[in-house]
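Per Swiss-Prot, the features are as follows:
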BINDING   N57, N58, G59, A60, D61, G123, V124, G125, L126, N127, N128, T129, D152  (6S)-NADPHX binding site
BINDING   N58, D119, T155  K(+) binding site
DOMAIN    9-209  domain 'YjeF N-terminal'
Amino acid sequence: MQLVTAAEMQQIDSYTIETIGMPQNVLIERAAMSVIDVIGAGHFNLDHILVLAGLGNNGADGIAIARLLYTQGFNVSLQFVGNVSRAKASVQQQLQIIENYGLIRAEKSDFNEATLIVDAIFGVGLNNTLPEGLQKMIKAANHIEKTVIAVDIPTGIDATTGEVRGAALKAHTTVTFGYNKVGLTQNVGGYLSGNVIVKDIGLRLPEDFTFTTVTPDNIATT
């Protein structure tokens, strides 16, 4: 089974963008479209979709997902988690796009109103314990047991070890990109990730790349 750690996934991302020449915004769009495909193919209640987006590239994916849902006529709310001034350039670009589309960001969203939550707060780049405020928000979302689709990996899960970094959103489905992550098969990561679906978004492997060898038990590939 082809599995990668967080560092290996970042290596693959960098190689695809910097050496192959694939623009990052193309990867973001492909990632977003793959999540839209899963949402459309699943038996989810789509009456009110809440997208939670963070400061990094995972958040950029989430913003693009919200835009695609919005343009398809879905009732979607986008809540940005974190200080916008600290967001990556990819996030700033996606925020500018949604403003031009007329999608207004919600300052605060009520989890109780959402029928589906898309988790795009933190991806494989998470390497610290989540801030206390975010941990509190995650625990509140888990408490009301909403259906969650995680983008690449549930927020709070270490992509290499599967351990929880303070708190983690429990996902019904995780749409992960390129290759499955070791952390989605190990420790509590295998439980909290739910049904894992691997989507090809055009990532390419560096020469002589070697996959991490682990035997997962919850992987679904498409």
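Going from the start of the chain as shown, residues are counted 1 onward.
Keep in mind that glycine also has a Cβ here, set from the backbone N, Cα and C atoms.
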Overall pLDDT for the domain 'YjeF N-terminal' (9-209), taken as the rounded mean: 95
Integer Å distance between the CA atoms belonging to T155 (K(+) binding site) and L126 ((6S)-NADPHX binding site): 8
Alpha-carbon distance [D119 (K(+) binding site); D152 ((6S)-NADPHX binding site)] in Å: 9
D61 ((6S)-NADPHX binding site): tally of other CB atoms within 10 A of its CB: 32
Rounded distance in angstrom between the Cα atoms of D119 (K(+) binding site) and N128 ((6S)-NADPHX binding site): 18
Output field, K(+) shell: CB within 8 Å of site CB centroid, site N58, D119, T155 dropped: L52, G54, G59, G62, A120, I121, F122, G123, A150, V151, D152, I153, P154, L169
Most crowded position, judged by CB atoms within 10 A, among V124, L126 as binding-site residues: V124
Fewest other Cβ within 10 angstroms of its own Cβ, chosen from the binding-site residues N57, N58, N128, T155: N128
